[in-house]
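Everything on this sheet refers to the single structure shown next.
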Amino acid sequence: MPMSDTTSTSSTGTPTSPAGVGWFSALANPTRFLALSGRIVPVLAVLSVLVLVIGLYLSFAAPEDYQQGSTVQIMYIHVPFAWLSMMCWGVMSLAALGTLVWRHPLADVSLKAAAPIGLVFTGLALATGSIWGKPMWGTWWVWDARLTSVFVLFLMYLGIIALTRAIDDASRAAKAAAIITLVGAINLPIIKFSVDWWNTLHQPAAVFRLDGPTIDPSMLWPLLIMAVGFTLLFFTLHLTAIRTEIWRRRVQAMQRIAARRAEGRTR
Amino acid sequence: MLDLYLRDLKLGIRAGGGALIGILFFLAVVTTIPFAVGPDLNLLSRLGPAMLWIGALLASLLGLDRLFQADREDGSLDLLLLASDRHMLALSVLVKCLAHWTASVLPLVIAAPLLGVLLNMEPVALGAATLTLLIGTPAITFIGATGAAVAVTLPRGGLLVSVLILPLAIPVLIFGVSASYASVTDPAPFLPPFLILCALTLVFAVVGPVSAAAALRAAQD
C-alpha cells in the first residue's frame with residue numbers, strides 16, 4: 001500500500017532537507033506545522049470573530065442605498081463571499097504549483113482542504129446573489145456572464161472534490177487535482193473581467209478599479225472590514241482543515257501499521 | 001508522429017473503436033429533442049444550432065475516456081512515455097488528440113448539415129453551425145485530453161472526465177452557439193464570437209496537451 005508523502009515524512013521524523021532552506025520548507029515537517037498552526041489557529045479564530053462582529057455592526061449602521069433601500073446590506077456579505085470564492089481558487093492554484101514544482105508535501109493537503117471551503121463560499125456567493133437579485137432584478141437567476149462564470153467555478157470545485165476523493169493513492173490524487181486546478185485557473189480572470197468584457201446585468205467592478213473605487217466611503221469601509229473578516233475566517237477554516245487532514249492521514253497510517261502487526265501475530 | 005496518427009486513426013475507425021458509437025449517440029440526441037420540444041418547425045429552426053452543439057458536445061465527451069485508457073491497457077502508453085526523450089510527450093498527446101478528433105468527432109461535423117436540414121435550419125445558419133463545429137470541437141478534444149489523462153488510472157473514469165471537462169468546455173459552447181446564432185440574427189456580428197472561438201481552440205491546443213502530458217507522467221510514478 002503506497003503511503004502519501006505526508007505520512008511517510010511524519011513517520012520518519014524530520015525530512016532530509018539541507019539546513020538553511022528557509023522556514024517554508026521547514027514547514028514541510030507536519031509535526032512542526034501542527035505545532036505552529038496550533039498556535040496560529042486560535043489567534044486567527046478570535047481575530048476573525050472580532051473583525052466580523054465589528055464589520056456586521058458597521059454594515060448594519062451603514063446608510064441605506066437611495067435606490068435599493070435596506071437590501072443593499074446583502075452586499076456586505078455577498079461581495080466578500082464572491083471575492084473569497086476566487087481567492088480560494090487562487091490559494092489552491094498556489095498549492096498546485098507547490099505540489100508540481102516544489103513538491104512541498106503539505107501543498108497537496110492544502111489543496112484538498114481548501115476545495116470544500118471554496119465550494120461553500122462560492123455556493124454562498126451564488127445564494128446571496130440570487131436573494132439580492134430577486135428584489136433588485138426581479139429574478140432569481142439570469143444567465144449573464146458573471147453569474148455563469150461563477151457557476152462554472154462552482155462546478156469546478158465539485159469536480160476537484162470528486163477527483164481528490166476518487167483516487168485512493170494520496171500523492172497521485174494530489175498531482176491530478178493540481179493539474180486540473182491550474183487549468184481551471186483560466187476561469188479566474190474570466191470571472192474578474194466578465195463584467196467589463198460583456199454588457200451584462202451584473203454591475204461592473206466598483207471597488208478594485210484603476211481609477212479608484214466608485215463606491216461611497218461610508219459603504220466601502222464596512223465592506224472592506226467584512227472582507228478582511230471573512231478572509232481571516234477562511235484562513236482559520238483552511239488551517240483547521242489542513243490539520244484535520246494531517247491527523248486523518250496519520251490515523252490511517254497507524255491503522256495500516258496496526259493491521260499489519262495484527263496480521264503478523266495471527267500468522 | 002505520422003505513424004502514430006495513422007495508427008490511432010485506424011484503431012478509432014475499426015469496429016469497437018467508438019467512432020461509430022459517437023455518431024449514433026449524436027443522432028440519438030438530436031432526434032430525441034424534437035420529440036421533447038414538439039415538431040414545431042419554426043421553433044426547431046430557432047433551436048437548431050444549439051441542439052447541434054449540445055449533441056456534438058455530449059457525443060465528443062462520450063468517447064474521451066478511451067483516449068488513453070486503451071493504450072494503457074495494451075502497454076503502448078508506456079512506450080509513448082519512454083519515447084518522450086525523442087519526441088515531446090505533449091506533441092504525442094496532440095497527435096493522439098488530432099487522430100481521435102478525426103476518427104470520432106469529424107464524422108459528427110460532417111453529419112451536422114444533414115441533421116440541420118431535418119431541423120429546418122436556414123442554409124446560412126447551417127453553414128455557420130457546421131463551421132463553428134469544425135473550429136470549436138477540437139478545443140473540446142484538446143481539453144478533454146487533460147481530463148482523460150487525469151482519470152486514466154481510474155477504473156470508472158468516464159463520468160469523472162465529463163464532470164471535470166464540462167465546466168471548461170462551456171466557453172466553447174457559448175461562443176460556438178452565439179457565433180452560429182449571429183449568422184442569422186441581424187444586429188449581432190458573426191466575426192467576434194467566431195474569432196474568440198478560434199482563439200479558444202488555439203489556447204486549448206497548447207494547454208490541453210501540455211497538462212495532459214504532465215498528468216500522464218504523474219500517473220506513471
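Each residue's number is its place along the chain shown, starting with 1.
Each residue, glycine too, has its Cβ placed from N, Cα and C.
Residues or ranges marked as domain 'Cytochrome c assembly protein' by TrEMBL: A:25-202. Sequence annotations record features per position, and here TrEMBL assigns transmembrane segment to A:40-61, A:81-102, A:114-133, A:145-164, A:176-199, A:219-242.
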At a Cβ cut-off of 8 Å, and with pairs 6 or more apart in sequence only, do we get at least 3 pairs between the transmembrane segment (A:40-61) and the transmembrane segment (A:114-133), yes or no? no
Taking a Cβ cut-off under 8 Å, which residues six or more beyond the ends of the transmembrane segment (A:114-133) line up next to it in the same chain? 71, 74-75, 77-78, 81-82, 84-85, 88-89, 91-92, 95, 139-142, 147, 150-151, 153-154, 157-158, 160-161, 164, 177, 234, 237-238, 241
Residues sitting near the transmembrane segment (A:81-102): Cβ under 8 Å, six or more positions beyond its termini, same chain? 25, 108, 110-111, 114-115, 117-118, 121-122, 124-125, 128-129, 150, 153, 156-157, 160, 174-175, 177-179, 181-182, 184-185, 187-188, 191-192, 227, 230-231, 234, 238
Tell me, what is the mean pLDDT of the domain 'Cytochrome c assembly protein' (A:25-202)? 83
